[in-house]
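*Asks:* Copied straight from TrEMBL:
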BINDING   GLY11, MET12, GLY13, LYS14, SER15, THR16  ATP binding site
Amino acid sequence: MFLLGLTGSIGMGKSTTAQLFVQEGCALWDADAAVHRLYSTGGAAVAPVRDLFPDAIEENAVSRARLKEIILADPTALKKIEVIVHPLVGQDRAAFIAEAAEDIIVLDIPLIYETGGEGKVDAVACVIIDADTQKERVMARGTMTLEQFEVIRSKQLPADEKAARADYVITTDTIENARRQVQEVVRDIREKQRHA
Ligand SMILES: CC(C)(COP(=O)(O)OP(=O)(O)OC[C@H]1O[C@@H](n2cnc3c(N)ncnc32)[C@H](O)[C@@H]1O)[C@@H](O)C(=O)NCCC(=O)NCCS
Ligand SMILES: Nc1ncnc2c1ncn2[C@@H]1O[C@H](COP(=O)(O)OP(=O)(O)OP(=O)(O)O)[C@@H](O)[C@H]1O
């Protein structure tokens, strides 16, 4: 079993590329999706977030809209939320890995370098696209203001630094190109595993 970390800056194409790995027969665990589960009604992050930021709770779930307002108003808020969320995300990931049967498990982890996660995987693939396209794509989603996008981006390691540290770099200019690169990565890993 091979653990491949998939990372990249906000809006550079992690989720889209992750689905291309699934189409090549890889299992996928998604850190952002784990956060969604943790924030939803009954999720393990709801009570600890409520203790710190009661205004972030709506109908017994963590409201991302409220959380974004809080993060924008309070520069220390995101760090406090991360202290709650990241250990819970780690537990979710460990449970997934223990269950998976595929030969390659892709772990979609936006903050793999920022959180020291690279030591827990066998290799890292990083998606990359130029900064103008990144901004256009994030703004086109309509889920964040430019200011919110800049806050998040400023907390992330620069994209070129991530790419320089990664074992594989996937350019997300078109889907077809990204798919070819994903197939190449999968072929390389399966080849190496055969010789291991
Ligand atoms: C800031 C929040 C409310 C924004 O929610 P929203 O639904 O608008 O965006 P989403 O969760 O899809 O995040 C978009 C992208 O922002 C980036 N991002 C999210 N959290 C962080 C963070 N703490 N530091 C840096 N980048 C981050 C990631 O690239 C992510 O893919 C939300 O991301 C959050 O609660 N983050 C804290 C938890 C966390 O650290 N998650 C990161 C994965 S473990
Ligand atoms: N290879 C590609 N070719 C063309 N468009 C792409 C490609 N990959 C991603 N995109 C587009 O870029 C946008 C962002 O992609 P995606 O949601 O996969 O990014 P992400 O890195 O997962 O984002 P986030 O960090 O915010 O979770 C989407 O609109 C998607 O359609």
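A Cβ is built for glycine as well, from the same backbone N, Cα and C atoms used for every other residue.
Give me the lay of the land around each of these features.
*Replies:* Around GLY13 (ATP binding site), the same-chain residues at least 6 positions away in sequence with a Cβ under 8 Å from its Cβ are VAL127, ILE129, ARG137, ILE170, THR172, ALA178. Secondary structure from DSSP puts GLY13 (ATP binding site) in coil.
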*Asks:* Inside 8 A of the center formed by the CB atoms of GLY11, MET12, GLY13, LYS14, SER15, THR16, which other residues of the chain have their CB, for the recorded ATP site?
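*Replies:* These residues sit around the ATP site: GLY8, THR17, VAL127, ARG137, THR172.
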*Asks:* Where among the binding-site residues SER15, THR16 do you find the Cβ with the fewest other Cβ atoms within 10 Å?
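*Replies:* Selected from the binding-site residues SER15, THR16 on minimum Cβ neighbours within 10 Å: THR16.
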*Asks:* Have a look around MET12 (ATP binding site) and count the other CB atoms within 10 A of its CB, chains all included.
*Replies:* 27
